[in-house]
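What TrEMBL says about this protein:
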- 21-42: transmembrane segment (TRANSMEM)
- 48-68: transmembrane segment (TRANSMEM)
- 104-125: transmembrane segment (TRANSMEM)
- 137-157: transmembrane segment (TRANSMEM)
- 193-214: transmembrane segment (TRANSMEM)
- 234-255: transmembrane segment (TRANSMEM)
Amino acid sequence: MRTQKRPMHAVSMWVRRQPPKVKAFLAVVSGMAALVLLRVIVHDHDNLFVAAEAVHSIGISVLIYKLTKEKTCAGLSLKSQELTAIFLAVRLYCSFVMEYDIHTLLDLATLATTLWVIYMIRFKLKSSYMEDKDNFVIYYVVVPCAVLALCIHPTTSHNLLNRISWAFCVYLEAVSVLPQLRVMQNTKIVEPFTAHYVFALGVARFLSCAHWVLQVLDSRGRLLVALGYGLWPSMVLISEIVQTFILADFCYYYIKSVFGGQLVLRLPSGVV
């Protein structure tokens, strides 16, 4: 068993010794390699979106289990859940008035689950809520996202308010996990169920990002044209990429912890 752990340990130690620029380069190369692999083995790239939704559902199921069976919300960020509820509610509104489809039903189910999680944290399990650790100021992301949506939004034929709302939920989704990362940064120790949930979010967002990038490549850029003109198409892709890279560091330490046989994830200083 030790011989299996040594290569992984040696690689992780080598990566940790590298300067930030080298780590960023390695992350980009790894992401590109994963995209190439997905493009080869997944013939219908729409399946990546389905897979992203499935992994997200698994993460939510883990969260529900933690709250109902473990009877604790320790390590969870209420503010992150509130940001999630905000962008889901806005996106649900946009789906109803702009493009009612299966995604509308998926968002409705996810919003209902998120509101239930918020209720559990605020009222049923309030005694275990780590309010002092959940100290991220959500206005720091809500206000910039709103301003950015006013400046850069879709250029389609829909109502201006609807287009701004759609842009707002895209931008807010990209940074909605930041309060959860702040909680983990403050505690430094992440218990298993919370780690599983955040890792599932990371995987789901990577698959969603891969879906968008591969769709753009398959259409030879025509998809970007269909989204409109100006900066909006680029901002959609950037938002997807930002979501992925925000969680990349945590996912690395999660995988390292799993291979090391550790049930509790301990984060070094400076992570997330």
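Glycine is no exception: its Cβ is also placed from the backbone N, Cα and C atoms.
Automated prediction, rather than curation, is the source of TrEMBL annotations.
Between the transmembrane segment (104-125) and the listed ranges 48-68, 137-157, 193-214, 234-255, the one holding the most Cβ pairs under 8 Å is 48-68.
If you count C-beta pairs under 8 angstroms between the transmembrane segment (193-214) and each of 48-68, 137-157, 234-255, the highest count goes to 48-68. The list of residues near the transmembrane segment (48-68) in space but at least 6 beyond its ends in sequence, with Cβ under 8 angstroms from a Cβ of it, reads 38, 42, 76, 106, 110, 113, 117, 120-121, 125, 193-194, 196-201, 203-205, 207-208, 210-211, 214.
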